């Protein structure tokens with residue numbers, strides 16, 4: 001075939017462009033707020049609270065970044081390479097905190113540890129001189145968010161350590177490196193892409209968080225956004241502020257790119273890494289066990305305790321349908337998001353040029369925006385489309401308040417979560433493998449089914465479970481965009497917490513955790529097959 | 001690509017099917033509400049049972065619902081907006097999301113200071129925000145007004161909820177209206193100086209801190225107190241009706257208004273009118289231990305036991321018109 005410039009537009013680019021456009025719609029709505037002059041609100045914020053909030057946000061990002069790295073990497077390393085009592089249980093138990101919404105853990109921490117809580121009350125009784133401490137100190141905020149978000153790093157790093165195989169470490173040891181040096185000079189750099197991807201997800205969650213920090217009354221940048229919107233009645237200024245968070249996304253992406261460097265995932269497992277039991281084995285068990293207890297067992301027990309008072313009142317007919325609908329939404333929307341993420345990742349592989357990469361990156365931006373601001377951007381965007389359709393065809397409102405719109409909102413928000421695991425799964429499939437299959441006479445579909453699918457399936461399932469859990473926990477977009485009657489557990493939690501009935505919110509929270517456990521359980525069964 | 005093409009059509013069909021909804025029957029009202037499903041559903045169910053008119057609703061917070069109403073414009077399916085806090089309703093009128101309603105029923109049932117002058121919204125329940133104190137460490141004779149909590153004697157003894165909560169914004173907004181900005185700021189600065197600890201994220205935490213002895217007085221909405229009291233009748237806390245010698249205790253409302261583009265205006269007005277009548281008033285107020293807006297309707301027994309009080313009769317829309325000033329004032333005063 002002669003090599004000539006093809007004048008037809010590239011179909012692959014068009015598909016990627018369409019997905020990027022969907023994400024850009026709400027972002028463009030937010031950016032269009034910059035047309036207005038909101039300098040009065042800005043001046044007020046700059047004069048009074050903004051600098052303090054930025055400082056808080058910086059501390060939070062640094063603190064949570066360090067927290068999730070320390071917890072996630074160390075736990076992943078232990079589980080992947082060491083043998084210790086209870087390892088098989090802890091291996092999956094360490095993923096459980098994924099199912100715990102950040103705002104729920106935050107409430108349990110503040111309620112349990114603050115001056116009026118059971119811990120300090122007991123301490124005061126035993127020890128009259130005890131003067132108390134504040135559970136709303138920044139340390140507790142950072143600790144809480146680290147405990148909720150470390151699984152992102154843990155899961156991706158764990159997979160990376162496992163797939164490195166034992167040989168590299170052995171070679172490093174044979175070349176005279178001690179165990180620590182071998183870890184820092186060989187294993188860690190090789191796992192860097194995975195760790196960076198996990199860190200990026202954790203930090204984006206941290207930046208966009210409003211629920212958990214407001215339970216601590218720890219004012220961050222998102223506080224300024226909501227203060228402008230609800231307090232100062234200035235949605236435009238809120239949109240301006242929120243769009244600034246996109247700058248942080250660029251930073252996070254740059255970090256991830258840098259973290260990745262030229263490194264690529266290895267493509268084979270090799271022999272399992274697990275070493276013989278060392279004499280520190282019990283210490284390892286204690287450390288990993290402590291994390292699970294603090295991040296999951298204790299808070300879940302606390303929720304259970306509150307639930308006991310309320311089971312009869314809370315477990316009505318509505319409740320079952322809430323749980324069922326939550327699960328349905330999580331799974332079906334999860335499949336859609338992962339499907340589209342796979343399309344994107346595949347397109348990027350077919351056309352690995354700059355424009356394609358830019359489009360793909362654009363399509364994953366929605367994760368870093370605070371949920372409710374993004375939700376409003378989506379509503380405004382969809383409503384504009386509805387109006388246009390109404391003018392052209394005389395249709396009634398089609399998008400806003402429909403299930404389709406809600407699914408699109410999930411796509412916009414959670415594409416980043418699905419894209420990471422899918423992309424890294426695809427990277428493991430060297431093109432030569434597929435070519436070999438074709439050479440051996442396999443049709444494209446057969447090659448895909450017999451070679452590609454088995455290799456990427458673990459990545460796809462990981463993505464599906466992560467996104468499914470995130471969708472089930474999602475609150476603001478679900479609230480604003482759901483069709484009439486489509487209430488979920490997260491909606492119920494919102495209704496109760498909005499009225500200050502936190503203890504009663506324990507039941508739906510616990511149900512959400514339980515519903516979230518199912519995906520975690522599946523995830524774990526999958527991970528173990530490695 | 002073939003795979004994609006094969007999937008594209010069914011997917012599109014599915015999307016369209018999911019998007020299209022059945023045509024609405026005529027006898028239906030669509031409500032956007034920030035009130036709890038548990039509270040509002042019995043009210044709507046009772047209405048449907050009596051009139052045969054069905055009600056569809058979604059719950060969300062007022063800011064988000066208003067943004068959605070505004071974005072939907074003329075296409076909006078909503079007939080009625082029901083939310084808490086006069087500030088939110090006031091802001092909805094600023095954005096031209098509500099339309100005037102003339103109704104002798106509503107005007108007769110809802111006192112003038114609890115509704116919009118042009119009939120764009122009407123109060124449905126009243127929510128009093130007043131002083132709560134430790135019955136072990138404070139004598140009621142030491143208390144008088146919100147303003148007096150700024151005095152030296154409460155240094156290190158006051159607990160407050162965050163200024164980000166609209167209830168506190170409304171309270172300070174009315175203080176600005178009554179006292180002027182300068183005096184209001186002096187009071188708020190005094191509160192901040194008197195705080196025993198960082199401000200809390202909710203009213204319950206304020207009361208729990210008082211019970212635990214971290215502080216002695218606070219400011220809360222009465223229904224939060226009522227809930228704690230229901231769970232524990234021996235609560236070492238008491239309510240004090242603030243400002244009885246001056247402006248009266250601060251009240252806010254939950255209320256509703258007919259949306260600008262209501263497809264079913266008449267049915268919406270009928271529902272709103274019904275909600276101002278005794279039966280619905282009882283359901284709305286008692287469900288959350290609030291006070292009925294309609295003056296002829298009695299509060300729940302537990303609520304009546306807290307005693308009668310003089311409520312501030314300033315029009316509650318002040319909570320909205322002065323909210324921005326209030327937020328800025330609290331930011332300046334360092335009230336987080």
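From the backbone N, Cα and C atoms, a Cβ is placed for every residue, glycine too.
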Stretch carrying transmembrane segment according to TrEMBL (options A:429-450, A:451-472): A:451-472
Distal contacts, the transmembrane segment (A:229-255) - CB-CB under 8 A, six or more residues away: 27, 29-31, 33-34, 36, 38, 41-42, 44, 196, 199-200, 203-204, 207-208, 221, 361, 365, 367-370, 373-374, 376-377
Highest-contact recorded stretch vs the transmembrane segment (A:280-306), from A:12-34, A:92-113, A:367-385, A:451-472, A:505-524, CB pairs under 8 Å: A:92-113
Seg_contact(the transmembrane segment (A:326-347), the transmembrane segment (A:54-80)) with at least 3 CB pairs under 8 angstroms, min sep 6: no
Positions whose Cβ lies under 8 angstroms from the transmembrane segment (A:139-161), at least six residues beyond its ends: 59-60, 63-64, 67-69, 71-73, 75-77, 79-81, 94-95, 97-98, 100-102, 105-106, 109-110, 113, 187, 190-191, 193-195, 197-199, 201-202, 205-206, 209, 212-213, 216, 218, 265, 273, 291, 294-295, 420-421, 424, 462, 466, 523, 527, 530
